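So the structure is just underneath, and the comments pick up after that.
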Amino acid sequence: MSTKIVETITLECETGNYHSFCPISCVSWLYQKIEDSFFLVVGTKTCGYFLQNALGVMIFAEPRYAMAELEEGDISAHLNDYEELKTLCIRIRKDRDPSVIIWIGTCTTEIIKMDLEGMAPKLEYEIGVPILVARANGLDYAFTQGEDTVLAVMAHRCPDQEFPIGESKETKKKLFPFPLLKENNLVEYANHPPLVIFGSLPSNLVSQLDTELRRQFIKVSGWLPAQRYADLPSLGDGVYVCGVNPFLSRTATTLIRRKKCELIVAPFPIGPDGTRAWIERICPVFGIEAQSLEEIEERIWESLKDYLDLVRGKSVFFMGDNLIEISIARFLIRCGMIVYEIGIPYLDKRYQAAELALLKKTCIRMCMPIPRIVEKPDNSNQIRRMRELKPDLAITGMAHANPLGARGIGTKWSVEFTFAQIHGFANARDVLELVTRPLRRNENLDNLDRTTLVRKNNK
């Protein structure tokens, strides 16, 4: 089955199955982003082993997440789920005093039909702490969609837009009749409707993107998620929202339908080309002409010249894992690489429409063939295609890395792109560092001429 998106870009769907990292791993970066939160994963021992081993954090470090481990009594309905969770949440409130507790549902809670959404409102009223329920099970969601479900639930708790657009400055003067020292050094922003950016990024990346928009006289009203639960941005009619990650389609839908926000459909700020396109898409919405972006982008490309010489002409194959494959592929094509195939667990064609258009534009600019995009790819079919194509690099899940490496194909874990800082102008070098590491390693091994190092007559 194939569906045409734009000219010469076709989507294929092979199996309908997900082959990706577990979505409950979103806990690893969200608990660090939302500083006053506590994540409670409701699952089995397997989920606990995964969180402890895959995330590399020992329970003795007392991170702000924990496991509510399901036992045989829970599955056979011999235990009262509400009382068990209540005991845990009271202990969490006493020990950690979080501003919000987030329950993460897993595969097991789906299978036994545990009514987490039904228990949460009653329990949060009893203990006096907000409780959000996000289902991040691997049955329905791919790797990074765990964050998508959490942000979609959190969007429901965002306050409504308090002041009519254009009145907030006057209202502030009424609240604070004295001069505010902090505002003396601020940039004079253009008068535009509120803009909220959604997507979890480290604080330094948030500052970088805020700064880039500030240079265009655009003020970011808030981020979803915020560093503190109490600082969630106000949402409502007249508020514009824009995403920074390709896997947040559910959050975007919630913001449009439930909170009545206006979505700015833009490419994602990954790579200098994507960051420039992201800003250029936001500026016209507020009647602002983007300035100096071309010079900034050219300067970044010039600084990447040593990497570009290494990757130019090399081929890459995306097996699909974290839903940011199209953005990474577009950036690598702009760097001069040949992308044979883009496997992706799930693709929302409306949310990624601008990214797909930029992919096509980039391929035409670089005189490259537009890569095949395969949604929910069949791994067996992919392996056969890779044997025929013989790519220099495969960006894949961890399960396939070693077998592919044994067959002479350079590999890079897709999970590394998820945890690395790849957004904005300044971090394009980090993306290329990840990509070129296996290429450099293979070249160094070839230069060693390994066959001459083995003694034929070893006595």
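First residue shown is number 1, and so on along the chain.
The backbone N, Cα and C atoms fix where each Cβ goes, and this holds for glycine too.
Among the candidates Cys89, Cys107, Cys158, the one that Swiss-Prot lists alongside Cys22, Cys47 as binding [4Fe-4S] cluster is Cys107. Each of the binding-site residues Cys47, Cys107 was ranked by the number of other C-beta atoms within 10 Å, and first place falls to Cys47. Cys22 ([4Fe-4S] cluster binding site) has a Cβ environment of 21 other Cβ atoms inside 10 Å. Sitting within 8 Å of the Cβ centre of Cys22, Cys47, Cys107, and not among those site residues for [4Fe-4S] cluster, are the Cβ atoms of Pro23, Ile24, Gly43, Thr44, Thr46, Phe50, Thr106, Thr108, Asn137, Gly138.
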